[in-house]
Amino acid sequence: MSTESMIRDVELAEEALPKKTGGPQGSRRCLFLSLFSFLIVAGATTLFCLLHFGVIGPQREEFPRDLSLISPLAQAVRSSSRTPSDKPVAHVVANPQAEGQLQWLNRRANALLANGVELRDNQLVVPSEGLYLIYSQVLFKGQGCPSTHVLLTHTISRIAVSYQTKVNLLSAIKSPCQRETPEGAEAKPWYEPIYLGGVFQLEKGDRLSAEINRPDYLDFAESGQVYFGIIAL
């Protein structure tokens, strides 16, 4: 084989081999991809560190999560406090000068009759039908215990328009003395409060009374101890 034919075979073999895509342009592309991958990894690592150490992230809540529920409720309370109520309400107190009886008064400090409620014949007259909270408190006071058993009762009664009969709505009985004070022993004072309260459906014109069986034991030493009232709901 001549030298020329050998050179020609080598050239043909080189042409048959696939050409590489390297060179300066391929090197730059690989360098760019490597740099881009490094930046992505570095950025992800930095973000993880910032989140882990609390440098960035969701801000802490300074208010309750249910603030959206509290705000309307607070606004409703504020608006209702600014708006005068037209619901019937009454709060009467005992007359400390009435001896031997429980007499209710509305022309005293911290007493009121509003929106149609009347105090007539020592009874509260309901101005409209509806649900009412009825309440009353009395305070009894004594000195020592007599030989006879002491029973103290407190009752709230209703005389309805539909049936003219007194019916007890709430009632309580208490006995402050368990045994008689021995003769010659010191007669110690005792106190016995009774509170009554409940919700009832009332009709227009119903009459309500709060009564006791032993007015001689009532304690009027402080104001606000004996009272009677209704609140429309």
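Cβ atoms are placed via backbone N, Cα and C, with glycine included.
These features come from Swiss-Prot:
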{"type": "TOPO_DOM", "residues": "1-35", "note": "topological domain 'Cytoplasmic'"}
{"type": "MOD_RES", "residues": "Ser2", "note": "phosphoserine"}
{"type": "LIPID", "residues": "Lys19", "note": "N6-myristoyl lysine"}
{"type": "LIPID", "residues": "Lys20", "note": "N6-myristoyl lysine"}
{"type": "TOPO_DOM", "residues": "57-233", "note": "topological domain 'Extracellular'"}
{"type": "CARBOHYD", "residues": "Ser80", "note": "O-linked glycosylation site"}
{"type": "DOMAIN", "residues": "88-233", "note": "domain 'THD'"}
{"type": "DISULFID", "residues": "Cys145-Cys177", "note": "disulfide bond"}
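Counting residues per DSSP class in helix, strand and coil order gives 3 helix, 75 strand, 68 coil for the domain 'THD' (88-233). The number of other CB atoms found within 10 A of the CB of Cys177 (disulfide bond), across every protein chain shown, is 18.
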